[in-house]
Amino acid sequence: MSTEHKQYLSAVTLAAIGVVYGDIGTSPLYTLRECFSGHYGFDVRPDVVFGFLSLIFWMLILVVSVKYLTYVMRADNAGEGGILTLMSLAGRNTSSRATSILVVLGLIGGSFFYGEVVITPAISVMSAIEGLEIAAPALDPYIVPCSIAVLTLLFVIQKHGTGSVGKLFAPVMLVWFLTLALLGLRSIIANPEVLAALNPKWAISFFVEYKSVSFFALGAVVLAITGVEALYADMGHFGKFPIRLAWFTVVLPSLVLNYFGQGALLLKNPEAIKNPFFLLAPDWALIPLLILATLATVIASQAVISGVFSLTRQAVRLGYLPPMRIIHTSEMESGQIYIPVINWTLYLAVVLVIIGFERSSNLAAAYGIAVTGTMVITSILFCTVAWKNWHWNRFLVVFLLMVLLIIDIPMFSANVLKLFSGGWLPLSLGLVMFIIMTTWKSERFSLLRRMHEHSNSLEAMIASLEKSPPVRVPGTAVYMSRAMNVIPFALLHNLKHNKVLHERVVLLTMRTDDVPYVHNVERVTIEQLSPTFWRVVARYGWRETPNVAEIFHRCGLEGLSCQMMETSFFMSHESLILTKRPWHLFLRGKLFIALSRNALRAPDQFEIPPNRVIELGTQVEI
């Protein structure tokens, strides 16, 4: 390995530590404390401490190290990961019915992420700020205002991008993980018998001894692996090897040392359960640790916010969410984006959650159900990919799925039991997003099908125009066409009302391919349909934002010259009229109309100069 490659690998691995592992890296702030919360009724006794530590350790090994880093990360689409990517891969070689089921599962998983993303910033920052009550108990009433203030600042700076401050994320998180390791190691040295919990017999004995109560406690243990989906979702940014290298060399050892250090502290001083993380530190280090913890939780929150921006863009490009304003905050990094409506909706939800739950311990009950639900779906989708796409032995796939679900389903079931103590929150938020995504996709499909049914053949219309040509005016007209062989509504209305055509007519169709990026040489396909008609198909990946200026530039390179300021863009604007429906479909239709009215207009989507756009309205019944 060359020196340059080693330096590059080190830099990417460090960057992965700063972004990928923020959520799971801040879990020690609250996980072990929640295991002994009043919900489960466990006393701080050695066998219970050993049991929880053993469960946490083997959860990190089996779920993170084996399931995600060894298996799930094999499933990539041109290097990209994430639940929607896995959904797309799983549906490539299955029947239409199976594909529909897999799509529903993928959308449920994506919806769970929206539910989780509201909780992560709130519980992370609150857990860090709660260190104030250890340093100065009189400051306890200020935990909620301080948490809101920190998160307000974080959401405000989103529109400016995080490129400059983002360079500090990796060093800060590296210091954080080293601090976790040192604090834990210091406590373990004072009480080394805690290392006995590495033996899985303690986890097994815990279940045997405490039976059903130990099953309920899985709802707290799972907090140790929240954020595990980020490893897969961020695979496209950093690559598989750097993410794996960061986990096994820095993150996993630091987490294990800190959890076991907290356990050693509890063996020595059971009263430390009120906040075992901060009580690991000597008195002189408490304030610096509080500041570092706050920075780490802010970085973890930033990673989650960036993740929801990326997921939203992917959902928009794949047609599961209406078009919305997406702002690129960096000229160098295409992945750095800002979506105002998502940013401020998320901010409002996070603030309401902090005010409503008041303490991170109250919010912990809501955490986990979305994470474990996504884990179950990930296992099913991954095994489908292994069977249908990679042609693994069917019996091997069934065995692997059973092993994965033996781990996933008990954790999900334990969290479902927390439904009425907070679990309803991510489920409700996820349900809202699922309804929005399925409504937009299905109603949009029905609308386009209805419009196509009432449209004539494009080839027949062109042939008719060649035989009986209308009046021609100078210039080029571009008509946005959703389907290649269908006459755009705007073209029909222009002929009907104005009875003229431009000298040159371009039918432009935007296509989103099932890949993150499309090579420039494959960007544009040009076909001349007649002496005056051209069809242009522009292809983009779901990580890209279409741009008409770029399309025209590519057209010019291939012989079709179009000057933006000398071209008129004709677009249709549909006014939707709701027909008589059953009540549930009526409500869905109302939601679709509301989403359509607030969707980003096509000129803004494709960055077309407003003074070159002509919109023609039409009424469509749905």
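Note that Cβ sites are derived from N, Cα and C of the backbone, with glycine treated the same way.
Swiss-Prot annotations:
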| type | residues | note |
| --- | --- | --- |
| TRANSMEM | 9-29 | transmembrane segment |
| TRANSMEM | 46-66 | transmembrane segment |
| TRANSMEM | 101-121 | transmembrane segment |
| TRANSMEM | 137-157 | transmembrane segment |
| TRANSMEM | 165-185 | transmembrane segment |
| TRANSMEM | 213-233 | transmembrane segment |
| TRANSMEM | 247-267 | transmembrane segment |
| TRANSMEM | 276-296 | transmembrane segment |
| TRANSMEM | 337-357 | transmembrane segment |
| TRANSMEM | 363-383 | transmembrane segment |
| TRANSMEM | 395-415 | transmembrane segment |
| TRANSMEM | 416-436 | transmembrane segment |
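Sequence-distant contacts of the transmembrane segment (9-29), counting only residues of its own chain at least 6 positions beyond either end whose CB sits under 8 Å from a CB of the stretch, comprise 1, 64, 120, 124, 127-128, 166, 169-174, 176-177, 180, 223-228, 230-231, 234, 237-239, 241-243, 245-247, 249-251, 254-255, 258-259, 262, 277, 293, 296-297, 299-304, 306, 360. When the stretches 137-157, 165-185, 247-267, 416-436 are ranked by Cβ pairs under 8 Å to the transmembrane segment (276-296), first place goes to 165-185. Here the transmembrane segment (101-121) has long-range neighbours at 23, 83-84, 86-88, 90-91, 94, 151, 154, 226-227, 229, 297, 300-301, 304-305, 307-308, 311, 315, 320, 346, 349-350, 353, 363, 366-367, 370-371, 373-374, 377-378, 380-381, 384, 425-431, 433-434, 437-438, meaning same-chain residues at least 6 beyond its ends whose C-beta is under 8 angstroms from one of its own. Remote same-chain residues near the transmembrane segment (213-233) are listed as 20-25, 27, 30-31, 34-35, 37, 39-42, 51-52, 55-56, 59-60, 63-64, 68-69, 72-73, 81-83, 86, 113, 116, 120, 206-207, 243, 247, 255, 259, 300, 303-304, 307, 310-311, 364-365, 367-368, 371-372, 374-375, 378, 410-411, 413-415, 417-418 (criterion: CB distance under 8 Å, separation of at least six residues from the stretch ends).
Residues 13, 17, 21, 24-25, 27-28, 31-32, 44, 46, 49-50, 52-53, 56-57, 60, 64-65, 69, 174, 177-178, 180-181, 183-188, 190-195, 197, 224, 231, 273, 276-277, 279-280 of the same chain, all 6+ positions outside the transmembrane segment (247-267), place their C-beta atoms under 8 angstroms from a C-beta of that stretch. Within the chain carrying the transmembrane segment (337-357), a Cβ under 8 angstroms from the stretch's Cβ atoms is held by residues 117-119, 121-122, 126, 144, 147-148, 151-152, 155, 158-159, 161, 305, 308-310, 312-313, 324-329, 363, 366, 422, 425, 429, all 6 or more beyond its ends. Note on the transmembrane segment (363-383): residues 30, 34, 37, 39, 63, 67, 71-72, 75, 83, 86-87, 89-90, 102, 105-106, 108-109, 112-113, 115-116, 119, 122-123, 126, 219-220, 222-223, 225-229, 232, 353, 357, 397-398, 400-401, 404-405, 408-409, 411-412, 415-416, 418-419, 421-427, 430 of its chain, located 6 or more positions outside it, place their CB under 8 angstroms from a CB of the stretch.
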